[in-house]
Amino acid sequence: MENVSFSLDRTLWVFLLAMLGSTAGQPLGGESVCTARPLARYSITFTGKWSQTAFPKQYPLFRPPAQWSSLLGAAHSSDYSMWRKNEYVSNGLRDFAERGEAWALMKEIEAAGEKLQSVHAVFSAPAVPSGTGQTSAELEVHPRHSLVSFVVRIVPSPDWFVGIDSLDLCEGGRWKEQVVLDLYPHDAGTDSGFTFSSPNFATIPQDTVTEITASSPSHPANSFYYPRLKSLPPIAKVTFVRLRQSPRAFAPPSLDLASRGNEIVDSLSVPETPLDCEVSLWSSWGLCGGPCGKLGAKSRTRYVRVQPANNGTPCPELEEEAECAPDNCV
């Protein structure tokens, strides 16, 4: 069974937090500097919306069932990039996207904090053991390190993940109070598997990060291929809420109550993605049967490859007959 959660070594995390917290120097780039208050704390809540109703095709039910890896993120300046669409992923992110292994990615974050002084803090949240559910953490941002990036692996999958690339929580002279974003699947470009449970098949040469859509990759075998949809429903969402109190005295703010209410609405309004029936090609015609001198009948069959769901196109007839001249008549 695939290892769906990774163990983050406590000693390394303590070292990382201490090291990165002491390297809040000026960023090397020429980006505009945030003039908000020196520090801000946020709660981050990741909500999985990967349900069988919204994503019925090849939905993983066992070995392992649909779920999410731990969340791994960083608060940083523009000199650091955890991942970026249309660019190649690092070795660390490759390991995370393919196997959920975080060690190499954590070492890359550490190196960026030491050499470039571009990472202010790291944060993580526990894995979600089902396709739908929540996990949360807290993070700290700094005016010179106001960008946030994170990744969560889709489990099971070849190298698919969701995440945010360089979200700026600062807007001019103030910190944003709340940010809610829908998340969609991305392909890390390191494994060529088409389905959730595809065996390991390295992409050589490596490709860049691409967003997976209802029509791309344009192949019926792909687990996210829904040709009737213009776009996929969000597979997850993330909510950032600025915290007004110290972490020890933190109580869920009123915004959290609103978000819980939204979760109830979301659960009642889960999009029903139609899944059309798919059948095989016709078999060869069988032998023609019947008395000599009269018309006989022959038949051929096909079988269901994908059962329809959520009001998708029903399956056509699976057997067909035709008239014929009987075989072996002299």
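Glycine is treated like the rest: Cβ placed from N, Cα and C.
According to Swiss-Prot, the divalent metal cation binding site annotation covers Glu140. Over all protein chains present, the Cβ of Glu140 (divalent metal cation binding site) has 17 other Cβ atoms lying within 10 Å.
A simple way to gauge crowding: the CB of Asp187 (Ca(2+) binding site) has 25 other CB atoms within 10 angstroms, across all the protein chains here. Annotation source Swiss-Prot lists Ca(2+) binding site at Asp159, Asp187, Asp191, citing similarity to another entry.
The number of other CB atoms found within 10 A of the CB of Cys170 (disulfide bond), across every protein chain shown, is 22. When secondary structure is read from DSSP and collapsed to three states, Cys170 (disulfide bond) falls in the strand class. According to Swiss-Prot, the disulfide bond annotation covers Cys34-Cys170, on the basis of sequence analysis.
The domain 'Spondin' feature in Swiss-Prot is assigned to 30-220. Note on the domain 'Spondin' (30-220): its mean pLDDT in the predicted model is 94.
Per Swiss-Prot, the feature domain 'TSP type-1' maps to 276-330. The helix, strand and coil residue counts that DSSP assigns across the domain 'TSP type-1' (276-330) are 0 helix, 19 strand, 36 coil.
What Swiss-Prot lists as C-linked glycosylation site is Trp282, and the listing cites similarity to another entry. Trp282 (C-linked glycosylation site) counts 12 other C-beta atoms within 10 Å of its own C-beta, drawing on all protein chains shown.
Under the heading signal peptide, Swiss-Prot lists 1-25.
Reduced to three states, the DSSP call for Glu140 (divalent metal cation binding site) is strand. Summarising the annotation, Swiss-Prot assigns site 'Important for metal ion-dependent interaction with integrin' to Glu140.
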Starting from the Cβ of Asp159 (Ca(2+) binding site), draw a 10 Å sphere and report how many other Cβ atoms land inside it.
28
In whole Å, how far does the CA atom of Trp282 (C-linked glycosylation site) lie from that of Asp187 (Ca(2+) binding site)?
34
Suppose we draw a 10 Å sphere around the Cβ of Cys34 (disulfide bond). How many other Cβ atoms does it contain, all chains included?
23
CA-CA, which of the recorded positions Cys34, Asp187, Asp191 lies nearest Glu140 (divalent metal cation binding site)?
Cys34
Candidate binding-site residues Asp159, Asp187, Asp191, pick with smallest Cα gap to Cys34 (disulfide bond):
Asp187
